[in-house]
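Beneath this line is the structure, given in structure tokens, with notes to follow.
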Amino acid sequence: MPWNKVVDRAMSHWMEATGPHSDVVLSTRIRLARNLEGFPFPHMLSEGQAAEVIRKVEAGVREIDKIQVPGVVSPVELYRLAEIPPLARQVLVEKHLISPPLAQDARGRAVAISANEAVSIMVNEEDHIRIQVLSSGLDLENTWTLASRVDDALEEKLTYAFHNVRGYLTACPTNLGTGLRASVMVHLPALVITGQAGRLFNTLGQFGLAVRGYFGEGTDAQGNIYQISNQVTLGRSEEDIISNLNGVAQQVIEHERKARDHLKRQMRAQIEDRVGRAYGILTGAHILSSEEAMRLLSDVRLGVDLGLIPRVPVKVLNELLVAIRPAFLQKTAGKDLGPFERDVRRASLVRQRLAA
Amino acid sequence: MLCQNCGQRPATVHIVKQVNNHKEEYHLCETCAREQGQFSMELPNFSLQQLLASMLEEGPWGPMPGSLQAPAETRCPSCGLTFRQFKERGFFGCGQCYTTFEGELLPLLRRMQGSDRHVGKAPRRTGGRLRVRRDLEQLRQQLQRAIAAEEYEKAAELRDRIRVLEQRLEAGGEGGAVE
Ligand SMILES: [Zn+2]
Ligand SMILES: [Zn+2]
């Protein structure tokens, strides 16, 4: 598949909203950091060495298709980022397939992406290899299993930098050991509205977890979407890390649902008003900033989850999270757009998708 | 809550870290979080520079006890990195650096990660011996429990499995390149 195809569509597998607890958890992500033995870490690589690392990983990636790793939708194709124009690279960032640093400096870097975009493997980011698996809803165990299988398949062809006592060696010691970062992306409008979010985030720290606003480009955690992930990667097994995060995520889900319930029972008129207004603006507006769109989409999503707006499928809301981003809008338009033109196009896109 | 770095914008990035009994909290605005390290879609790395800074010298959140000293001239024989460069960049140069700077690194790991020993997955091919050893450890524990519970049939079965693994280790493990 040419990279155009990946860049052209807004929808990835994880946005289908088919996973468990999709009313609160948008997606689950597992990331594994790995490095090759015998090469310096990426920031110390010469141009030639970087190219060689890409070639080696490419051979490993072919192995994934060859042995037909269960759960991976083939083919997994590798793209050298220097061959992809900057705007298209930015779209890959907006789709969460690559990280911003990888898009910014494309030299000596690559990414392999599976056909359904659930698996992406970044090459020469902070580490030689970063395996990332994304899935819908809260699904940590299966996502981990898939990531581990991809890891095993790559290892058929590659020799990892591994130390018997320290584990997988990574460029930064914050990833040492398992190289595992597990995270869940959660939509917590009711906890934010009821003023409980801050307190919850502080207590999550006691479980060795970190929270951040996910789409927060400005000064706000846009759209009430947060990412919760493990901090510690050493001294605990992958299964421990995952079950810890899973347990905490379950509790967060429970709190959010309770808060939603409370809103529906105790503040029904206010919530109906808020949700109805959001829906009204999104279906009627002709100029929409990214920030306003994120805020209103969050309200509409809450309305859908509470059964106050039956019309909008959640996967459309997920798709819009990507489709309204600046690079994606410009890619769809086929040209650079100023902020005002983007706001106009964004409004038109949202009207269309909500009406469909 | 305001950003604890600039004190102007609202804090939207919250990092809370609990290592042993020591709790560290950082509340930053997106702008400061971005400036203070790579702002990637991965969460944790951005805090590394502060983390290192606060552990190694006087960081933005006050001095930390037990400042670590490394001879400035020690270089990793494999990649040429010095510990000073590591502190500046937050990245090691190669896998060998972990051995080169082990003395400086261990206290750092214990504070940052709460541990300095990996307990988890090992590579299938090159980590074969480690895997076998870990399996052995587990089987021996199971054997003890079986004997304590007087489950002799189960114990016999476990003993056979242990024997097989021990023989495999003596024969050189499965591809055991590491060690
Ligand atoms: Zn700030
Ligand atoms: Zn080195």
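Each residue, glycine too, has its Cβ placed from N, Cα and C.
Taken straight from TrEMBL:
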DOMAIN    A:24-259  domain 'Phosphagen kinase C-terminal'
BINDING   A:27-31, A:His96, A:Arg130, A:181-185, A:212-217  ATP binding site
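Taking 8 Å as the upper bound (exclusive) on CB-CB distance to chain B, the binding-site residues A:Ser27, A:Ile30, A:Ser183, A:Arg212 give A:Ser183, A:Arg212 in sequence order. Counting every protein chain shown, 26 other Cβ atoms lie within 10 Å of the Cβ of A:Ser27 (ATP binding site). Around A:Arg130 (ATP binding site), the same-chain residues at least 6 positions away in sequence with a Cβ under 8 Å from its Cβ are A:Arg31, A:Leu32, A:Ala33, A:Arg34, A:Ser99, A:Ile121, A:Met122. Following the DSSP three-state reduction, the secondary structure of A:Arg130 (ATP binding site) is strand. All protein chains considered, the CB of A:Arg212 (ATP binding site) has 22 other CB atoms within 10 Å. Counting Cβ atoms from all protein chains shown, A:Ser183 (ATP binding site) has 28 others lying within 10 Å of its own Cβ. Counted within 10 Å of its Cβ, the other Cβ atoms near A:Ile30 (ATP binding site) come to 28, all protein chains included.
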